[in-house]
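Going by TrEMBL, these are the annotated features:
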{"type": "ACT_SITE", "residues": "H545", "note": "active site, proton donor"}
{"type": "ACT_SITE", "residues": "H589", "note": "active site, proton acceptor"}
{"type": "BINDING", "residues": "T155, V287", "note": "FAD binding site"}
{"type": "DOMAIN", "residues": "70-364", "note": "domain 'Glucose-methanol-choline oxidoreductase N-terminal'"}
{"type": "DOMAIN", "residues": "475-598", "note": "domain 'Glucose-methanol-choline oxidoreductase C-terminal'"}
{"type": "SIGNAL", "residues": "1-18", "note": "signal peptide"}
Amino acid sequence: MQYTSAVIIFLLLSLSKSENIAFLETAYNHLSQIYENYLNKRIDYAHLVTWKDLSQPGNMMPLTSTFNQYDFIIVGSGSAGSVIASRLSEISNWRILLLEAGKGENLWSRVPLAASTMCFTPYTWNYVGEYQHNVSLGLEQHRPLWPRGTALGGTSVINFMIYTRGNKWDFERWAAQGNPGWSYKDVLKYYMKSKHSKLTFADYNYHGTNGYWSTEDVYQSELVRRFIEAGVELGLPRIDYNANIESFGVSTIQANLKKGQRYTVARAFLHPVRQRPNLHILTSAFVSKILIDPNTKSVYGVEYEKGGRVYKVKASKEVILSAGTFNSAQLLMLAGIGPKEHLQELGIPLLQDLPVGRNLQDHLTFPAPSFLIDRELSLSTSLLLNYTSIRDFLLHGKGPYTSLGGAEGIGYIKTELSEDTKDVPDIELLFIDGSLNTDYGLFSRRWMNIRDDIYNTATCNYDQPIHMIIRLCMATKYFTDPEQHDINTLVASIRYIQRLARTKPFQEIGSRLNPNRIPGCELHVFDSDNYWRCALRSIGIPFHHSVGTVKMGPSDDPTSVVNHELQVYGVKGLRVADCSVIHFAVGAHTNAVAVMVGEKAADIIKENWGKLT
């Protein structure tokens, strides 16, 4: 079967009169000053700060207050780890310790429009992929950025907040590969359990309303309305893409916002329970070692660094790794759990021979083609840097600052090259609007690591050396298919976008293909299939939906690392619960999937220890 494996960005750019400021930098200064004024003088009206920074309150315990032993230790407070900590601490006689390498989020992270800037803050591991010879050729050193969150809330602090679950057949396939309890029917209740939906266009048979995690509509410009009308003209209905799970269609984006602000998993799942006496949360605590008895292969705790010192803490029941696709795999290998030959190369004593790191998968995205329009309908400096827009965001959580970095619409299509017999999409379209003059492309190109000379005109597998003093090594195998099915599918999706641009809603505003060419592709006829193949190889990048390095599967599958209850094969008292266990790139942005994994993991653990009610 073929599943949604790539994301094509449909970018509309206004040709407006010259704007002389890089708006995000200026907006930052404006908003920072306004935040200070509201915090100091009118906090009653500034709903954006209704609780203290999560690095300070409640049970962010000083080291003198922590215990020497807990029932459960959770490594990583990301989209799965925060959920697990919250749910396990519901059992009042269990002691829970959550360790996070990063700190609490700041005010800037809560501005949805600033999403693309978060990759350049202290809240991300600065991972960069390996040199690529057949893709990402237009990037600095041919190396794509691979940002992962290091903050209380993990990558939910730096991502684009887009809430998608994936197609039903992703999970049917998941279960059919020897993972009972992970079918769509099984996981749907966990998706609904976590959600607190306030959507205007939704089938509430598929959306929860009593959960911790808020989901709202995003800012909707006239352009996204035209995007939906264009889709309808081509036969794509407007859908609730998280309900019509087998359908193709277009929609506005459902996002993890609350009152127009980014709503991270830490704010959703940890803040409401932070005063529980049995839940301790340590930030700036970098876990460097899993403690394992080599004779019994039983995990009994972890070692972590904080404030320049090394500490050990024990777990009487389990250690749960929720450090993410890269870091969970790294910690396993540092503990001697991984491919035998690779660990021998590094001089790490082997504890358990498992294929850790050998299944890294991610979606490929192509941030083009872009289209020009004649009217000033996109996000622009004049729209953003005015009193009304800033006031609407600060006081009411509305307006253009609630836009997800310009992302407003989403669509799912099936190209004519799809080999899937089922009615499932193979391409996601992400509709983004902006202005050519708004920020000169500064944050877009930095987020994607595109070279200035490219933008301004228009593994070594993961199982290679990793160690605390040896850098992570991550590489893709995009466009290595000898049949070229993947790159041809992307070309077909570009042709579909061009059809959208030729529909009446877009022609009314003069939509046309941006004529600027990608350097290095000049020898190809502009807009020919070969031109787009060249462009795809130039600026195709991973979409930061990394999964699969600690693959879930049955014991007779030689590529599996954990079983369907997330337990590491051959090691007692150790589970992994994050996107690393997902064995193929599902047709979704991975944040919601990770939260679902966390919800289900908590119930599995409770059931295993006789506490599930």
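Glycine is no exception: its Cβ is also placed from the backbone N, Cα and C atoms.
All annotation found in TrEMBL is predicted automatically rather than curated by experts.
Shown on the structure are the features that TrEMBL records.
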residue	record	CB count, 10 Å
T155	FAD binding site	28
V287	FAD binding site	24
H545	active site, proton donor	22
H589	active site, proton acceptor	25
Quick one: DSSP breakdown of the domain 'Glucose-methanol-choline oxidoreductase C-terminal' (475-598) into helix, strand and coil?
44 helix, 13 strand, 67 coil
Per DSSP, V287 (FAD binding site) is which: helix, strand or coil?
strand
Find the average pLDDT over the domain 'Glucose-methanol-choline oxidoreductase C-terminal' (475-598) in the predicted model and report it.
91
Given T155 (FAD binding site) and H589 (active site, proton acceptor), what distance in Å do their CA atoms have, once rounded to a whole number?
12
How many whole Å apart are the CA atoms of V287 (FAD binding site) and H589 (active site, proton acceptor)?
27
Cα-Cα separation of H545 (active site, proton donor) and the residue listed as 'active site, proton acceptor', in Å?
6
